[in-house]
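> If you look up TrEMBL, you'll see 6-26, 46-65, 77-98, 118-139, 145-171, 183-204, 234-250, 271-297, 332-357, 378-397, 409-433, 440-460 marked as transmembrane segment.
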Amino acid sequence: HFHWLDYTIFLAFLIVSTLVGLFFGWQGRKTTSSKKFLTGGGEIHWILISFSMQASFFSAIFILSAPGEIYAYGTCYSYLGLSYFIGKPLAMHFYIPILYKMKILSAYEYLERRFNKLIRICGSIIFVLQTLLYLPLVLYTPALALAQVTGISILWSIIFCGLVCTLYTCLGGMKATAWNDTVQMVIIFTGLITVICVGITRVGGFGEFYRRNLEGGRFILNDFRIDPTLRTTFWTQVLGGIFYTTFNLSSNQVIVQKFFSSKTVKDAYKALYLSAICCFCILMLITCIGLLSYAFYYKCDPLTSGRVGKLDQVVPLMVMEILEGYPGLPGLFITTAFCAALSSMSGCLNGLAAVILTDFIEPTFRKTRRAVKDRSRVILTRMLVLFSGLYTTILAYNAHYLGESTMQLSFSACGITGGPLFAVITLGMLCSFTNITGCIVGLIAGIVFGSWVAFAALAVKVTAPMLPFDNS
C-alpha cells in the first residue's frame, strides 16, 4: 500500500499538470485563433517539441506492457530501437518537408490536394476511429497498475487523471501539452532509472542480474529467421518498426501536429534527431526493466503460479515488491506510468480537435455559406477537447473487459487502420500515376485484410509460446 509520501508525489504531479494548463489558459485567454491554440502559433521551442514527440511514442501501454514482452519472450524485442534511426530520418527528409511547406493544420488536407475530398474524409475518419479506440486503453493501463499497488479503485484513478488531462489540454492547448510532456518525460526517465538501480541492488548486483537472465535464456540477439508468423525476430522488429515509426511521423495527426508547432522545418529536424536518441535510450531502460523482472522472479514466476493473470501485471507487482520499504519510490513509479498516459492522451485530444474542426465542422459550415468566426473556432476547439476527454474517461473503465495484452490490442488497432492510410499517403507522394479509384480500393482492401487477420487471431486465440519459466 502507498505511504503518505507516495500519495504526495502522485498528487503533486496532478497539481503541477493542472497549474501548467491554468497558466497557459490565462496567458491565451484572448486568443482568437484556433490554429494558435492547436499549434502554439508555431512558436514552441524545438527541445519541447522533441520531448513532446517522445511522449507520444511511449504511452503507459508501452511503459507497462513492453517489459512483460521482454520478460516472456526475451531481448529480441529491443531490436525495435534500430528502426528509430532509420524510420525517423526517412520521415524527416521525405514526408515532413512536404507537409510542413503546405502550412496546413490537418495532415489529411494533403489527401484532398493530391486526390480529392473523399480521400481526405476517409483518412480523417480512420484517424478519428483509431484514436477513439486507442485512448481508453491509454488511460486504463496505469489505472490498473495503481489499483494493484495501492488498492485504490480503478474507477477513481481513471476519473481523477482523465479529468486533469482534459482540463489542462482544454485550457492551455498545445503549449500546455508541450510543457507538461517535457516535465513528464523527465519524470519517466527518473522513475525508470530509479527502479533499475534499486532492483539490481535487490537481486544481488549486476553480476547476479546478468547470470540469472543468461541461465534463463532471456538474452536473444541472434534470431534472424525470416518468418512473419513468429512474434519477435530481428526482421519483424526492425522492418515492422521502420514502417510503424515512419507511419507515425508522416500520417499520424498527433505527431505531425507537433511538427507544425515548430518555428522552422530545421527546428523540426533537430527535434526529430533528439527524439530518436532519447527514444532509443528509453527502449533500453524498458529492456532492463523486463530483464530485471525475470531476475527478481527467478525460479518463482508469478504468472504460472497464479499471482498475476496477465503479462501486463508483472511489472507493477515487481515494482511493489522491489520498492517495498522505500517510501516515495512506489509513488514515483506510478507517477511515471501516469505521465506516459497523460502525455499520450493530451496529444490525442489535440489531434482529434484539429481533425474534427478542420475536416468536418468547418466544411459543413462552408456548405451553408456561413463562416465560423475566429473566436467561435477557439470555443469549438475547447469543446471538442472536453468531449473527447470525457469520452476517454468514461470508456477507459470498460477496458478491463479486454482479456488480451493491452499492448497487443493497441498495435492491432494501429495496424488495421494506420497501415493502409500510410500506404495511401506514400502512394500519393511517390507515384504521380496513382488515381482516386485505386486509392479507395487499396484503402478498403487493406483495412478489410488487416481486420480479418487481427480478428481471426483473436477468435482462435493465437498466442506465441513463451520462453520457459522455472517455478521451482
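First residue shown is number 1, and so on along the chain.
Just so you know, glycine gets a Cβ as well, placed from its N, Cα and C.
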> Between the transmembrane segment (118-139) and the transmembrane segment (234-250), are there three or more C-beta pairs closer than 8 Å, counting only pairs 6 or more apart along the chain?
no
> Considering only the recorded stretches 46-65, 77-98, 145-171, 271-297, state which has the highest number of Cβ pairs under 8 Å to the transmembrane segment (234-250).
77-98
> Given the cut-off of 8 Å on Cβ pairs that are 6 or more apart in sequence, determine whether the transmembrane segment (183-204) and the transmembrane segment (46-65) share at least 3 such pairs.
yes
> Any residues 6+ beyond the ends of the transmembrane segment (271-297) with a Cβ under 8 Å from its own?
46-47, 49-51, 53-54, 57-58, 62-63, 66-71, 75, 77-78, 80-81, 84-85, 88-89, 91-92, 96, 185, 188-189, 192-193, 195-196, 199-200, 202-203, 208-209, 212-213, 216, 218, 249, 258-259, 262, 314-315, 318, 321-322
> Given a Cβ distance threshold of under 8 angstroms, which distant residues of the chain, six or more beyond its ends, lie next to the transmembrane segment (440-460)?
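Cβ under 8 Å, 6 or more out: 118-119, 122, 126, 404, 412, 415-417, 419-421, 423-424, 427.
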> Under 8 angstroms, Cβ to Cβ: which one of 6-26, 77-98, 145-171, 409-433 has the largest number of such pairs with the transmembrane segment (332-357)?
145-171
> Which sequence-distant residues neighbour the transmembrane segment (409-433)? Criterion: at least 6 residues beyond either end, Cβ under 8 Å.
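Same-chain contacts beyond the flanks: 59, 61, 94-95, 98, 110-111, 114-115, 119, 123, 126-127, 129-130, 133-134, 137, 243-244, 246-248, 250-252, 402, 439, 442-443, 445-447, 450-451, 454.
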